[in-house]
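Record features, source TrEMBL:
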- 1-26: signal peptide (SIGNAL)
- 31-307: domain 'Ribophorin II N-terminal' (DOMAIN)
- 315-421: domain 'Ribophorin II second' (DOMAIN)
- 429-552: domain 'Ribophorin II third' (DOMAIN)
- 585-683: domain 'Ribophorin II C-terminal' (DOMAIN)
- 596-620: transmembrane segment (TRANSMEM)
- 632-652: transmembrane segment (TRANSMEM)
- 664-683: transmembrane segment (TRANSMEM)
């Protein structure tokens with residue numbers, strides 16, 4: 001098939017790249033990738049803090065579980081932050097809960113008197129509250145103080161246990177307080193964790209019947225667990241207010257913390273199916289690298305509880321690589337570890353079944369994998385299995401060798417992993433040629449070696465056809481059908497056409513009838529470059545090969561024929577060199593002769609010359625210049641003002657404009673009127689006195 005719009009080269013490369021894309025991420029134990037992600041997600045702010053107390057504890061606890069050294073360098077600031085809240089009388093139970101846990105995780109030095117005050121505050125909260133969260137924070141804070149070596153005993157543990165148990169529901173979930181209408185799975189987790197804390201703090205053994213009731217509640221809670229088809233299990237809320245909804249990660253983490261904490265303090269073993277514990281481990285590992293600090297904390301802490309618990313320790317089967325090459329004779333390697341990658345107890349791994357991509361059974365032969373003690377890996381040569389290239393589902397069966405381990409560890413029995421087997425694909429009987437449209441007789445056929453750089457030169461008109469055919473076979477001689485097989489024709493004007501090469505049971509073949517394609521080719525005659533792209537994830541020698549060129553002669557385009565689409569403009573072309581700008585300035589206007597300009601310049605000097613002549617005719621002298629200091633000063637200022645007017649007159653012709661000159665002249669005129677009036681008044685009075693004398 002062909003499209004009317006040209007397929008850009010980038011699309012072809014993208015399709016080829018897709019053939020090499022890895023298969024979906026598998027469940028793998030916690031690795032250095034998780035440590036790098038945690039260090040990035042919990043990066044402190046510029047002042048070295050992580051925010052509030054809760055965020056600080058989550059960062060410290062995550063770093064501690066993963067064995068990162070980051071938290072030690074920040075312990076001083078975090079300890080100071082925790083100490084301030086421990087000593088503050090206004091701290092809530094939640095603040096004290098997180099502050100105590102920060103101090104415990106970092107080993108901060110806290111005075112016994114400070115902890116005594118915290119213990120008294122938390123016990124008072126337990127006595128007066130009916131809120132599950134207040135119970136949780138208070139009991140958790142007291143338990144953390146006890147774990148740090150302080151003597152903490154909850155004398156009324158039995159009544160507190162009953163107060164929390166009163167909030168439970170028949171389906172194993174809990175309410176947040178006595179006024180709550182809705183129950184919550186997340187609340188069930190923190191309730192179980194609080195009950196476990198009460199058992200640890202109690203000065204006497206809790207009623208065994210109450211413990212049995214809680215065990216039964218846990219079984220009911222696990223009846224509500226949800227699952228995926230791959231054996232992954234998780235908890236989520238049923239019907240809660242949007243403000244109370246926590247999401248599957250937080251909800252599952254809460255239940256894991258609560259159940260494992262309660263299992264650690266109760267006698268006997270909780271009756272929880274092992275596959276559900278394993279499914280929860282797969283859920284948290286299946287998250288991969290979380291996208292938020294909160295999810296990272298819940299993932300890592302939940303896995304730390306599952307790593308060592310009294311219910312079941314999940315063992316994870318994983319493949320270091322899910323791509324195996326027949327060319328390099330890769331071995332099938334399997335690892336069975338705990339969620340944090342610790343070695344498993346003695347066990348056997350058997351390959352029991354191989355299924356094709358269509359779920360067809362390839363082999364049912366049971367083969368035991370050999371164990372490499374040094375590398376803690378089980379391995380098997382895949383060559384004897386007679387597996388060809390392609391995608392497969394391999395079914396493994398894990399069996400513990402020691403009977404006592406069956407009550408401690410859970411393997412899930414059979415585990416299915418998806419793999420890709422790759423190899424070199426043979427390309428045979430590749431031919432390209434031009435045939436007549438009517439009779440179908442081939443005018444020219446040329447052999448091609450598609451694994452080498454061979455090019456052909458063809459020519460055709462609109463009454464002929466282009467034929468291309470070839471065969472693909474696997475290393476075991478079977479016909480191979482890759483995901484992408486495209487033939488591209490690119491005109492010299494950059495217009496491209498992409499065609500899917502169809503495949504049959506024996507070969508891939510395409511016939512381009514140019515008579516039916518003239519409109520799709522926009523009646524563009526000329527040279528077309530030919531390219532063939534063959535790609536698949538299992539094909540080690542996928543290729544994008546230039547076949548040569550085709551000189552195509554098409555009829556002239558009719559008047560209403562479709563025109564080729566506009567070619568995409570390179571977005572970076574605007575940053576290239578620009579054409580030189582040849583700017584023509586406006587031609588200068590015609591000016592008068594030089595002599596005329598000089599004559600008018602001379603005329604502008606006539607007022608000044610007239611002023612000088614006037615001074616000479618008047619007989620200017622200093623005989624009547626005042627001798628007294630006051631009048632002499634005004635007379636001097638008057639003459640200076642006249643000189644300033646003359647100077648302003650010169651500056652006007654040299655640099656000042658008319659408006660600036662008039663502004664300055666206005667100030668000088670006012671000044672001259674004032675000092676001139678005083679000077680003339682003095683001279684007039686002197687003249688009057690002389691006449692009357």
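Quick reminder: no glycine exception, Cβ is built from N, Cα and C everywhere.
Taking Cβ pairs closer than 8 Å, the transmembrane segment (632-652) reaches residues 608, 625-626, 658, 661, 664-665, 668, 671-672, 675-676, 678-679, 682 in its own chain, all 6 or more past its ends.
Each residue of the domain 'Ribophorin II second' (315-421) gets a DSSP state, and the totals for helix, strand and coil are 8 helix, 58 strand, 41 coil.
Note: the domain 'Ribophorin II third' (429-552) comprises 3 helix, 73 strand, 48 coil (DSSP; helix = H, G, I, strand = E, B). A mean pLDDT of 92 is what the model gives for the domain 'Ribophorin II N-terminal' (31-307). Each residue in the domain 'Ribophorin II C-terminal' (585-683) gets a DSSP state, and the totals come to 76 helix, 0 strand, 23 coil.
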